[in-house]
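First comes the structure, then the notes that go with it.
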Amino acid sequence: MNVANVCSGNGTCISPSTCQCNQGYYGNNCQNYNCGGVLYSNSTVCSKNGTCVSPNVCNCNNGYYGPQCQFYNCYGVLYSNSSVCSTNGTCISPDTCSCNNGAYGGKQCEYNICYGFLSNDTTKVCNGQGICYGPNMCLCNPGYVGNTCLPMCFGLPSTSPSVCSNRNGTCTAFDTCTCKNGFYGSQCEAYNCYGQLYNSSSVCSTNGTCTAPNTCSCNSGYYGQQCDAYRCNNVVFNSTLTCTGNGTCIAPNTCVCKSGYFNSYCQNWQCNGYNNTNNIGCSTNGTCISPNTCNCNNGYYGNACQFYDCFGFLYNNSTVCNNKNGSCVSPNVCSCSNGYTGPQCQFPICFGYSSNDSRVCAGRGNCVLPNTCECNAGYVGSTSSSICIPTCYGYNASDPLVCSNKNGTCALYNSCNCTNGFYGLQCEAYNCYGQLYNSSSVCSTNGSCVAPNTCNCNSGYYGSSCQNYNCYGRVFSSSLVCSGNGTCTAPNTCSCNSGYYGQQCESYKCYGIVYNTSSVCSNRNGTCVAPDTCSLMFVQI
């Protein structure tokens, strides 16, 4: 055992586990002691300013003194002295002053503070233009005013919005304006716009106000840095198109027109007394392109485009359009009179065909005047659409008797084109079912052949060839015709067999007695079944 450490070195071990502590020490192992009544290990011991090293013995931190390290000084003055820290602060630790309320500064709070600057900072405190004689209290030099001794410039404080000509500069010292770029003069009242004084009559091209250095506020209608540009009808003044190219744009929307031009933008002029917007000035045959100058359409000429030709003749010449067969209505355009056609109205029209058409006058003559044909030999004229019609055997083609009463068409001179079924030079012949129309046996001798295969039957006959007829409702060829007792030889004409008589051969006799009388065949001992033929009746006995 280390004897030095027994009883914490602070007492004598007088018996087992029994220490007799030195004066001021206590505890089982003499491990505890106090300084000023405070346990050595307590955080507040020695006034927090030192270490309790033995009973009532404090080892003070630097700058502290006293039995319990409870004293310290600020720059030689006890911390609790009323004059410590220049009476302007609190001594909070050795040579450490906490100055009052931010109003004082310096190590010993010996300096006033004016608006953030120590009173000994003469270049900055009170703006360098006064004495800081108390917290935020400046005594200003002449020409300086306000809490911080700001300068006056020509009667206005530097904070005034009007100072240095409405803050064209900064009032940096008494009656001293430091001008912004572009401003000049003692009060920064002067400035230029592009080399001219702001109030010059010619500044901003006389078209605006110079409101700041090289800054023009242009009058209405003007623009550009120097207000030197403007427009007329939205076209820039120096364009070749301004004022419609017919004048000079002297101010916004103000044109001075060249001679002959007029209206707001020189957009109008006249040709021969009429506005350019109306082509009447150029006879509607051209365009009025400048005062009294017409640009004529192709084919027109004259100062008002009033003249034009048709195929080498002036429009109003008596020989124009083939001796006035029409009117010359535009260059080389003839409007033909009724009955004429062709570019120069040189062709008469006959019944719908031009004289140069191969179909005119039916191709059988010449159209010499409107609807007037001069027909070739063998053809004659007509007022119908068939002109220069042919003649056939003494009749013209439109005569109802031509070609045997229109049994054909007279197509060429003495040439009949027969209708189907007709034949002969004049279409005079035709057949009915293989027989010539005038044959004695045609139409079964019972009618007339009136047209090809067309029989007009005599009364009582019928059929395509008049070959049929009836006797009392039965066709002549029926086995029952004429009561089966004769032959139907003509309509309703029976030729009765021997022994029969009556219109329909319906009657006969047996031995002089009519077949249906009660006395026939010996009083009906039989039946009269045919002439003189009794069929006996047999009676069973």
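Using the three backbone atoms N, Cα and C, a Cβ is placed for every residue, glycine included.
Positions annotated as disulfide bond by TrEMBL: Cys21-Cys30 (among others). The Cβ of Cys21 (disulfide bond) lies under 8 Å from the Cβ of Cys7, Asn10, Gly11, Gly27, Cys30, each on the same chain and at least six residues away in sequence.
Look at TrEMBL and you will find Cys60-Cys69 (among others) tagged as disulfide bond. In sequence order, Cys46, Ser47, Asn49, Gly50, Cys58, Cys60, Asn61 make up the list of same-chain residues 6 or more apart from Cys69 (disulfide bond) whose Cβ falls under 8 Å from its Cβ.
Sequence-distant contacts of Cys188 (disulfide bond), defined as residues of its own chain at least six apart whose C-beta falls under 8 angstroms from its C-beta, comprise Cys164, Ser165, Asn168, Gly169, Cys177, Cys179, Lys180. Among the features that TrEMBL reports, disulfide bond is placed at Cys179-Cys188 (among others).
When pLDDT is averaged over the domain 'EGF-like' (1-31), the result is 88. What TrEMBL records for 1-31 (among others) is domain 'EGF-like'.
Taking DSSP states H, G and I as helix and E and B as strand, the domain 'EGF-like' (37-70) has 4 helix, 13 strand, 17 coil. The domain 'EGF-like' annotation in TrEMBL covers 37-70 (among others).
Outside the domain 'EGF-like' (155-189) by six or more residues, the chain places 142-146, 212-214 with a CB less than 8 A from a CB of the stretch. Under the heading domain 'EGF-like', TrEMBL lists 155-189 (among others).
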